[in-house]
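The NAD(+) binding site annotation in Swiss-Prot covers G122, V123, I124, G125, D126, T146, T147, K159, K168. Among the features that Swiss-Prot reports, Zn(2+) binding site is placed at E201, H264, H282, with the record citing sequence analysis.
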Amino acid sequence: MSPDTAADAAADPALQSSVLTVSLGERSYPIHIGPGLLGRAGALIAPLLRKPRVFVVTDATVAALHLDPLLASLGAAGIAHDHVVLPAGEATKSFSQLEELLDLLLAARFERSTTLLALGGGVIGDLVGFAAAILLRGVDFIQIPTTLLAQVDSSVGGKTGINTAYGKNLVGAFHQPRLVLADTTVLDTLPRRELLAGYGEVVKYGVIDDPAFFDWLEEHGSALIAGDGGARIHAVLTACRAKARVVAEDEREGGRRALLNLGHTFGHALEAETGFGPTLLHGEAVALGMVMALDLSVRLGLCPPADAARLRAHLDHVGLPTDPRRLEGAPAWNAERLLAAMDHDKKVEDGKVTFVLARGIGRSLLWREADTASVLATLRAAVAP
């Protein structure tokens, strides 16, 4: 990899950690990936601060596991800190919680020179990033993702936001962090279901444009899920390298970055139908959405049926859902309602949904010519009783 590529990696053999750079000119920032980084957080964060003060935002689940080690590391580095613990769960990505967080920060006399620090999964990262984008017209923030999903996807790239009654992530802003700190050791504390949900986003990178990575996942995915530290580091590093490259080329999703939404158009509709509740985690929705996207690709004559079957087989093998009807607590799915929900997708232009489809594993593309009949047939095949 040449020095001027979007994501330059420098390995530190002694610490088994790596550093990537998201190259965005003056707004470039590092991604640290490896084990034990939470204990070094203060030393890694300190050089990037305008002044040695941060405000940590986390949720109740993460606080019980990781807040004290982080605060100790910040204190050891001479960084003053406050913190707030929010409720855990997707419901926290809401207007009401955003307002509550902003009011709390303003009441605490938060200053522009203080840095917000998001410690948690995608919900906390998205909420805190959006708060940072609009508080005092923009303040610095740092991502410390504690889930596999957040480490490989949501913490990188500057997408922030909240959910609304009309759909997921429909209100938000592009606001890049100053640093992403992905401690792969914290993944050991994740429940298996959460880890699997994150794996759905990992698989996505192989399907988009990296067939060799998909091959690797077929061989090593089970070990990654079972706790193989080396496999986890490799997967996070590969995913972050891919995303960093795409973000550097297309920060605001005007073109190629939209490919990273593979599985999300169908997946977000499924999530909306479940009320963004515990019935369906985001990564599970992405897995289901990828299966449906490749099914639509087959129906449109774009993708060999064998590739769609290969994706489904791998997701089944590791334990991710591939059939919405088999979800515990699933609603009475309705294909027409799901189709209507897709009309609120962020990728709608001139009344048409832009789908991320595939010509095969590792060969994704944007497609605006999907006819309603084919989309509806895909939905019915997935959810009809």
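Yeah, the Cβs are placed from backbone N, Cα and C, and that goes for glycine too.
Features as recorded by Swiss-Prot, highlighted on the structure.
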| residue | record | Cβ neighbours (10 Å) |
| --- | --- | --- |
| G122 | NAD(+) binding site | 26 |
| I124 | NAD(+) binding site | 28 |
| D126 | NAD(+) binding site | 25 |
| T147 | NAD(+) binding site | 29 |
| K168 | NAD(+) binding site | 24 |
| E201 | Zn(2+) binding site | 28 |
| H264 | Zn(2+) binding site | 25 |
| H282 | Zn(2+) binding site | 26 |
Rounded distance in angstrom between the Cα atoms of I124 (NAD(+) binding site) and H282 (Zn(2+) binding site): 14
E201, H264, H282 filtered to the binding-site residues whose C-alpha is within 10 Å of T147 (NAD(+) binding site): none
Separation of alpha carbons, H282 (Zn(2+) binding site) and K168 (NAD(+) binding site) (Å): 10
Largest separation between Cα atoms (Å) of residues that the record links to NAD(+), namely G122, V123, I124, G125, D126, T146, T147, K159, K168: 21
Three-class DSSP secondary structure - T147 (NAD(+) binding site): coil
Whole-number Å value for how far H282 (Zn(2+) binding site) lies from G122 (NAD(+) binding site) (Cα to Cα): 9
H282 (Zn(2+) binding site) and D126 (NAD(+) binding site), Cα-Cα, nearest whole angstrom: 13
